[in-house]
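Enquirer: The structure is given below, and queries will be raised subsequently.
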């Protein structure tokens, strides 16, 4: 099945073979394969990141068109600082340029933008653009677009536990009152529902320290397609796979049906 290019004026049209009642409300993506995509074409790795950014933009609009309410993208992990300095510098500059160029359009389309991760380690100019984009789009409701930058799930969970421990130490919280809900209040994603579906491209089949707490019951879809080549049809296939699954959240089917 072929689809027309995504455009801001394109009306919302869910493919006819997808059940609108079973569309996942929150999708998370691990965008893997930019470097391999570029290398296979004799291009520098940064060309893959540039094309990968276009793919993410298209996916965001597709999610919006098809009624998906939240998209979370793993853009830069805490481990990615170990990449060549030229590549890291390019990625930081790319993030900043994309925000400056795309913010107005996303704001008009009703996109709410959020960032999760340790943003304090990022260049000051990038932090400024991130703060501006989050502030300007805070009340938008068409789709919640979250980008994980300098993010590591173990760091996030450790940070949350440390904050809860400080509350207990200060006498503001009883140790007996600490539960999953309390910890979740101190995660970066406190105002976002857990992902229904994780998509990872390029054939890798691991979580890579991404949303470990939040994805306890998330369905996972792995594809060999490299991220820059992940188009509407590939996304459509991921959603078809998701809709064929029986989500039980740790229960047996009889209890869910009751």
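In case you wondered, yes, glycine gets a Cβ from its N, Cα and C as well.
Okay, so Swiss-Prot annotates it like this:
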- 1-18: compositional bias 'Pro residues' (COMPBIAS)
- 1-21: region 'Disordered' (REGION)
- 32: active site (ACT_SITE)
- 32, 219: Mg(2+) binding site (BINDING)
- 33-37, 45, 49, 77-79, 81, 83, 200, 206-208: substrate binding site (BINDING)
- 80: active site, proton acceptor (ACT_SITE)
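For each listed feature, how buried is it and what is near it?
Expert: Around residue 32 (active site), the same-chain residues at least 6 positions away in sequence with a Cβ under 8 Å from its Cβ are 200, 201, 202, 204, 226, 227.
Shown in sequence order, 48, 51, 52, 226, 227, 228, 229 are the residues of the chain, 6+ apart in sequence, with a C-beta less than 8 angstroms from the C-beta of residue 37 (substrate binding site).
Cβ environment of residue 80 (active site, proton acceptor): 88, 91 lie under 8 Å away, each six or more residues apart in the same chain.
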Enquirer: Considering the binding-site residues 35, 219, which residue's Cβ sits among the greatest number of other Cβ atoms within 10 Å?
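Expert: Most Cβ neighbours within 10 Å: 35.
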Enquirer: Which whole-number value in Å describes the distance between the Cα atoms of residue 49 (substrate binding site) and residue 219 (Mg(2+) binding site)?
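Expert: So the alpha carbons of residue 49 (substrate binding site) and residue 219 (Mg(2+) binding site) sit roughly 26 Å from each other.
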Enquirer: Round to the nearest Å and give the CA-to-CA distance linking residue 78 (substrate binding site) with residue 219 (Mg(2+) binding site).
Expert: 24
